[in-house]
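**Q** What follows is a single structure, and I will ask about it in a moment.
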Amino acid sequence: MASSSFSLSPFSSSPRPSPPLHNLHLHLHNHHHSTINLAASTSTLIRCASSSPSTTKSSSSRKSAEQKKRHWKVGEYPGISDSSNNSTRRFGNGNGRPPKTPIKNIKKKLDRKNEAKAWANTVTEALSHLIHTKQWLQALEVFEMLKEQPFYQPKEGTYMKLIVLLGKSRQPQHAHQLFDTMVEEGLEPTLELYTALLAAYCRSNLIDEAFSILDKMKTLPLCQPDVYTYSILIKACVDASRFELVDSLYEQMAERSIAPNTVTQNIVLSGYGKAGKLEQMEKVLSGMLDSTMCKPDVWTMNNIVSLFGNKGQIEMMERWYEKFRDFGIEPETRTFNILIGAYGKKRMYDKMSSVMEYMRKLSFPWTTSTYNNVIEAFSESGDAKHMEYTFDQMRAEGMKTDTKTFCCLIRGYANAGLFHKVISTVQLAGKLEVPENTSFYNAVIFACAKLEDLMEMERVFKRMKDKQCPPDSTTYSMMVDAYKREGMSDKVYDLEQEKQLMALSGPKDDEAMETLLGV
């Protein structure tokens, strides 16, 4: 092992904690003042509208007696006292309506009502923010706070968002518990809610549990599975390479007269392609080309072009690209980014530049992915000079950087042997609050392994797991190779055992799942 090492102490520092729930009180305080003013003006209007002419008797003693009987405070409705005129009390106030009953302390009641509404609105906004930022535990806590209020009645849409959030967060048991609570509280489950619950299990690769949900749906007349339900389950089976289950699901759909749509076919098409089952993939694609119900679209085009591009089969990629164009499918920005990435990996910089110029010509904007693909191309070859130039241009144009940007930079500097720039890049990522996901940690581990600093590599691996970023096959492969080079067979054995346990569950494609769920 090399004696030199580099420190990633800024990388190892603890992240800034998320805002605590008690910050809600600050917003509540601001809402409190606005609602007080609204209630005061409302109370004034009520007092002005409710005043009536005095009686014809105007003796000074009578007036002084009436003034003494006014026990209400400023801002309170004066009401009708017991000494009011008997005829008014029996026959009304002359406009055909019965006399008003005394209303006391209306301002306080209005204040309390408006403050309650303000509190509910504030906490509801906080709940929406927590769902949007995928903070599932805090979202559940705020939801329970709201449910304790007598004026708050959660609706189907709120449960739907929370179940989807819990599914994304790999918390299917919590999703099922929330679903059961919803049913116990009297809300009728719907097809969409059952489909979201099924998707939560699919995201966590719990296919048997998802099939149990499907069987339950079949017994409920109003929650019969539809094409989206089956598509989500088919995607889970494809991701797990359980293609025999895909065939059985297609048979169920046929028995129920449910025709697969383009999304369903794209999922299966992509799955066959990734698994190397090109014959089955071509069969599905041929069926789509001949179909009138689920014709190929730009997603189909992107799947096929990406498949051959990732395999480095440039000629096949270009051939299929032209076929889809002849079929009348127009490319989009993602299509061009796929082409740029494929050309970059093969170091075909002239074609990569031609696609970028073509995008400009057709007014397709260069996106973060466009720049990332170019940076990645130079990163793989260790061309730090052109990589930095592209990164500087990206920032000069105000383009947002993301985690992949810094992954490519870290790997590029490691490939170029510029380990001091690896450290500064990690520091910059922390300064810009770039999300630290599995790919980010893999890039840093890659740099540590390149430098043969196994101690720092182990520290990064520990922090990775502490931050709830699950290691993937790339993580283990890099570390196993690093240990093998140093002859550390005991470390290799431990990692291989851990890898087998982690292989039982893997990440799912959230973008495709969100498309199916319509969220």
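Counting begins at 1 with the first residue displayed.
Glycine too: its Cβ is placed from the backbone N, Cα and C atoms.
So TrEMBL says this about it:
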type	residues	note
COMPBIAS	1-15	compositional bias 'Low complexity'
COMPBIAS	50-62	compositional bias 'Low complexity'
COMPBIAS	81-90	compositional bias 'Polar residues'
REGION	1-24	region 'Disordered'
REGION	49-110	region 'Disordered'
REPEAT	155-189	repeat 'PPR'
REPEAT	190-224	repeat 'PPR'
REPEAT	226-260	repeat 'PPR'
REPEAT	261-295	repeat 'PPR'
REPEAT	297-331	repeat 'PPR'
REPEAT	332-366	repeat 'PPR'
REPEAT	367-401	repeat 'PPR'
REPEAT	437-471	repeat 'PPR'
**Q** Residue counts in helix (H, G, I), strand (E, B) and coil for the repeat 'PPR' (226-260), per DSSP?
**A** 26 helix, 0 strand, 9 coil
**Q** On the DSSP side of things, how many residues of the repeat 'PPR' (367-401) fall into helix, strand and coil, could you say?
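**A** The counts are 26 helix, 0 strand, 9 coil.
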**Q** As a quick check of your reading of DSSP, tell me how many residues in the repeat 'PPR' (261-295) are helical, how many are strand and how many are coil.
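**A** In the repeat 'PPR' (261-295), the DSSP-based counts are 26 helix, 0 strand, 9 coil.
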**Q** Where DSSP helix means H, G or I and strand means E or B, what are the helix, strand and coil counts for the repeat 'PPR' (297-331)?
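**A** When I sort the residues of the repeat 'PPR' (297-331) into the three classes, I find 26 helix, 0 strand, 9 coil.
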